[in-house]
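One structure is given here, and the rest of the page talks about it.
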Amino acid sequence: MDSVVFEDVAVDFTLEEWALLDSAQRDLYRDVMLETFQNLASVDDETQFKASGSVSQQDIYGEKIPKESKIATFTRNVSWASVLGKIWDSLSIEDQTTNQGRNLSRNHGLERLCESNDQCGEALSQIPHLNLYKKIPPGVKQYEYNTYGKVFMHRRTSLKSPITVHTGHKPYQCQECGQAYSCRSHLRMHVRTHNGERPYVCKLCGKTFPRTSSLNRHVRIHTAEKTYECKQCGKAFIDFSSLTSHLRSHTGEKPYKCKECGKAFSYSSTFRRHTITHTGEKPYKCKECAEAFSYSSTFRRHMISHTGEKPHKCKECGEAFSYSSAFRRHMITHTGEKPYECKQCGKTFIYLQSFRRHERIHTGEKPYECKQCGKTFIYPQSFRRHERTHGGEKPYECNQCGKAFSHPSSFRGHMRVHTGEKPYECKQCGKTFNWPISLRKHMRTHTREKPYECKQCGKAFSLSACFREHVRMHPEDKSYECKLCGKAFYCHISLQKHMRRHTAEKLYKCKQCGKAFSWPELLQQHVRTHTVEKPYECKECGKVFKWPSSLPIHMRLHTGEKPYQCKHCGKAFNCSSSLRRHVRIHTTEKQYKCNVGHPPANEFMCSASEKSHQERDLIKVVNMVLPL
């Protein structure tokens, strides 16, 4: 046997199997198949395509290819469509009987090879099949692949890479994670997920890619016309497959179902990400902090947290971003587009994922459950954050003060305490903030938005803290009642905290003294009693505080701000606790009476005032009995 047939070394999928692959898997398939074809088409200058009429290299390439030419010359200078088309048109089968089983009425494999390549402009679906014959040059030995009778050649060397698709043998193993592959090209592409190598750069926007097919696919975003338009929302796409995937956001179709838990997904990529939650596999490990990740994309995002790189820059305002997703979110702030609207409350969203998460607020769905304590969560990030409270894992450590954090967002926020960075700026007044939530709260002072409304009196508030303070002014409004002791509360969170007193559930334990707490915030406050840490410093007088809430209250002493005003007499106070104590003068009955004296006429509103009064009376008595 003196020939190698392309189908012998190619991996093909049925139409049903091909539909299950996502874009990344299809790109990988094309890269490997194109590389295989290149190896077959340009092994040597003596190699020819054996067919009726003897199609030579000169017939295919249009010129004689020199011996030192590399495979890259084939792909760079010659159109795929012209090369493959000439091969297909000129090939004739010498032995129809031996190859009858290989003939296909339509070769879907070639369509897939050229699906993402801009050079394949011609339609090749009419070409019946590909049968590349290699004439073995003189002096080259034949190496028979015994299992299937395939013959391979390698000039002046032995066969180094036998075909292993059929046997399942995977001789090429990754030294980082141990994953094995049947082809060396597969391994090379996989290694890039560990070292972060992305050698293919888009000249238009500078974005990098690990594979040429991914780059070609991306370039179409800049150059190709979006001819496939969604009739429901008007959004346009480059190819039909992207439109098909998008339509599922309208129809709600979820064809990918997990066999483990029965959960269904609209996209194959989301389905594969979900399956890893069952296996727990985390092959991508960070060498800086030893944190492991299940997905290469998450791993790359994490690595940027160490380097601080911000390659994505907005041309409108100049703001730079570390992640493309954050950059895309920012760009929509300029356009203001929010295509996803909630039918329940009318709220609109920029992203489909945000819209779906919002829907859980109405449905009450909490799909993420903690196996240790049974607590359920709406969002996966909330679930992961909660899991770390049990394990005590804190991989993010501050180099300046040694404080460790469970989450990168908390770590970045803490670093701003040292650097003084306030990246979130109000465009209306120029005031800057450490956290985005602080900026959002501040923006309500300009927009006059007051989303928190009191059901008792109808008064609205812009901040939840002010709303809770106000609710306490209505003592009869306690709709959340404990079924065990009958105690009532203003909000369900207070009731949940109270219930742990009955169950004695204290999940959060101090490692230094063993004391346990019901809530992680209480544990954090307790830990500071051991460290005596006071990270919050007043820039005016240098006074330091343990808690972030204490610093703004203290700053009011310097600014003179008194935001809490008494409605009865107009007196103002710099903190809410002082206002509450003052309000008792107008509303509360004086329940504490002094029994010392004749008659016991002194009355007080609180026990602390009564004790202070009794101490003063005791000192007077002692001075009378024991005169100096």
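The count begins at 1 with the first shown residue.
Note that Cβ sites are derived from N, Cα and C of the backbone, with glycine treated the same way.
Annotated features, as they stand in Swiss-Prot:
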DOMAIN    4-77  domain 'KRAB'
ZN_FING   200-222  zinc finger
ZN_FING   228-250  zinc finger
ZN_FING   256-278  zinc finger
ZN_FING   284-306  zinc finger
ZN_FING   312-334  zinc finger
ZN_FING   340-362  zinc finger
ZN_FING   368-390  zinc finger
ZN_FING   424-446  zinc finger
ZN_FING   452-474  zinc finger
ZN_FING   480-502  zinc finger
ZN_FING   508-530  zinc finger
ZN_FING   536-558  zinc finger
In the zinc finger (536-558), how many residues does DSSP call helix, how many strand, and how many coil?
9 helix, 4 strand, 10 coil
What residues elsewhere in the chain lie close to the zinc finger (312-334), defined as a C-beta under 8 angstroms and at least 6 residues from its ends?
207, 301, 304-305, 350-351
Across the domain 'KRAB' (4-77), average pLDDT on the 0 to 100 scale:
51
Taking 228-250, 508-530, 536-558 as candidates, which has the most Cβ pairs under 8 Å with the zinc finger (256-278)?
228-250
Counting CB pairs under 8 Å, which listed stretch among 200-222, 228-250, 368-390, 508-530 touches the zinc finger (536-558) the most?
508-530
For the zinc finger (508-530), jot down how many residues DSSP puts in helix, in strand and in coil.
11 helix, 4 strand, 8 coil
